[in-house]
Amino acid sequence: MISSFSNGFWSKDYATGVKKLFDCLDNGVEENEQVKNLLKLYKEANEEFGEKLQEITKECLKGKKPENTEDGATSNKAFEGLRSEIANQGKQHIRIAKDLETLIIAPFSKMSIDHSQKLQTSQQVLTNQIKSYEKKYYTLKKTKSAYYNKCRNLEDYEEESKESNETTSEAITDLTTVSSPQQQSLLENDDDLIQLGFMEFRPEELKEVLAQVLQEIPLQDYRVPILGTYPNTCSGNIIVSWLQENLPVPTLVAAEAFGQDLIAQGFLRHMGVGGSFVNSTNFHYQWKDKAFQFAGLNSVDSLVENAKALPLVGEYLSDYISHRKLYSSETQSQRLKREVLDANKIYSESVVDLDKCRTLVEETIADHLQFLQKCETDRVLYYKDFFMDLSTIISNFLPSMKLLADQIVVYQEIIQPESDIRYILESAATGPFLPRVEIYEDYYNDIKDQIFGVDVEFLSHRDKKRVPIIVSTILSYLDLLYPTLASDEVRQNIWLVNSPLSSVHQLREALNHSSSVTKEVLSQYTPSVVIGVLKLYFLELPDSIVPSSAFELIRSIYMNHSNDTPYRLRLLQNLLSQLRRVNLATLSAIITHLNRLITLTPNKETFTINLANSLSLCISRPATWNLGIQHDKHPTKFMEDLLTYGPSIFEELRKLNSSKRVSDRVLYQSSATPRSTDVSPTRPDSISSVRSHTAVESPRSSFEELQPSEIPAESEFTLENVPTSLIRSSYALNTRKTRRNFSHSSASNESAAIFIDQDAKIVNEAVASRDSSLSGS
């Protein structure tokens, strides 16, 4: 399932996966240093040994008298020959040392430095990008919380207004109108929580905190050229240090968010261009008079006097008063509604801003993961080359060391970059690419212009289609596109290649907030990008088409019945029958499309396997990822079975459902009163609870009116038309699970108990038994 860095080091927070990869790559940097030190020592040893050999050939001649030298003596000739060979061996070792320095050590050192710098640069870029994403993520949570609080305040006020009589309401309105703007502001905000960073304070609590800050941190005058000197200032790092020492602010991100909110609340002012808070000694901030007044303290100096000499500063300081005058005639109801609209606008902008940042982070990480895999591959290949160079150097100069040179060649052949990459993935991978989308969640459950990351059932209900429009439109577009492609190989490859994430995100952005998904928009992009955005849509769903709660059950089926194909397919058929109607219809659409493509192309078996590897996580994925799952092949096998036997499974489901539907009609007509069973979704309390909770119509409502003659023929069958009686037990289970929030383990055990039995009657009895136990608890 995980075959490369680009699909192996992802995590929900992005930082965990990236950190794990760099920890592994740092081992390679350390290995480079060890090899470099070994080569240096080996070079020095050869150099010292060669010099020593030459030295001893000279030492042996000391004390020997020239007249005692007999050129004709054989012993003297042997002595001179031995001395010459030893001296020559010394020269060879010195030449080896020089070649090691110039041909191996110097290039290897350069490669090692370049490799280390590449990793450091990549790590710094990714760290900064992820930190920026985290800041925007925390900003989104803060703006969402503020928006929800404003909505609740408005609801509370409206409820209180309904309960009070008109006379009391008029008296309260008159009282608030007579009171001064400052008193009115204090009364209105007295019960509101003030949010600073990731903390919330009541006004009296914030008063104590501000008083302590202003009394403990050193305040000084700060001179700005031309504008003059400003009192009551300090640098950003002083404020951050105080916050981390005195408040539960564990991280710099949280501290900077706290400081940013001090600016937003009007307690602090940045001495310079812009209004951002930065933890730095170079950024200075002035505590406004509002902070001293709120804390019940007197500022050392007032900026009012400076304002007389500096009209620009006076205008800046009067913004707050102008704002209060602008809305002084508002009633409390108008003010609350305005604040809700303002908070909603800020929250929705934060969602869009975070989504853009997230896609940029994912594109950057994907590019860097590919780059880092290439860096590691090049490093290992360099090892392979330098082993061969070392063997050549030794064998050329010292034939007697041929055995050592041959052994080095053996070591060189052992090095396989692909194996090293695979080892890193198998031992340290954190998970495949499974993006986490933060969608705009309106307080009143209204999602209008979002497609990606939205639950498939909600999206289908909004589109008034049984299959989301984005899925059906893309599949229809591909059907029209296939005949125009050059060959079967091209038609297969567009499903197997991974398009650049930046291109996929560009099409995603064009579709996500558009009023409709059109083929005209799709035609502006390559086929592989269109298929890439379809895969991305499935990956960004809150849960996979085959829910994560069934992941362990599917694993159990393939572990226990991998060789018994008929029984395994029957269990899968039972599993699919319990999916939600929209999930069934969507799964049917994609599998039917792919099965038709497989049928019309050659090399069906190979294409099916490759396609299953590419799409397995789009159809079924676990709730959480771990190392044990990454070696699990059952998602791919499950996808292979769907691609191979899907049409047969769906046809069998249609036949079983048709016969059961006829029997249900006979029983209904022969009985004066409808049957009452625990699994029937026709119970009034079940239907009402589902409608009130999901705001989606009951699955039965679209099918109960069908007459037998209206049941689609085999050639027309898709799971969009599966009658609801087949999935009644699954829908009842899904409703109860949603409302009562069952644990994962209990849901898995109950599902396993259902699929062990082969008879549909036993399945219904098992569900009914479980329902009775749940109602008792």
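For all residues, glycine too, the Cβ spot is worked out from N, Cα and C.
The domain 'F-BAR' annotation in Swiss-Prot covers 3-420.
What Swiss-Prot lists as coiled coil is 117-172.
According to Swiss-Prot, the domain 'DEP' annotation covers 213-296.
If you look up Swiss-Prot, you'll see 454-650 marked as domain 'Rho-GAP', on the strength of sequence analysis. Restricting the average to the domain 'Rho-GAP' (454-650) gives a pLDDT of 90.
Within the same chain, residues at least 6 positions away in sequence whose Cβ sits under 8 Å from that of LEU496 (site 'Arginine finger') are ASN610, LEU611, SER614. LEU496 (site 'Arginine finger') falls within a helix when secondary structure is assigned with DSSP. Annotation comment: Swiss-Prot describes LEU496 as site 'Arginine finger', evidence class sequence analysis.
The feature region 'Disordered' is assigned by Swiss-Prot to 667-709.
Residues annotated as compositional bias 'Polar residues' in Swiss-Prot: 668-692.
The phosphoserine annotation in Swiss-Prot covers SER676 (among others).
Feature annotation from Swiss-Prot assigns phosphoserine to SER680 (among others).
As annotated by Swiss-Prot, phosphothreonine applies to THR682 (among others), with the evidence given as experimental evidence.
Look at Swiss-Prot and you will find SER686 (among others) tagged as phosphoserine, backed by experimental evidence.
Among the features that Swiss-Prot reports, phosphothreonine is placed at THR694 (among others), with the record citing experimental evidence.
Summarising the annotation, Swiss-Prot assigns phosphoserine to SER698 (among others).
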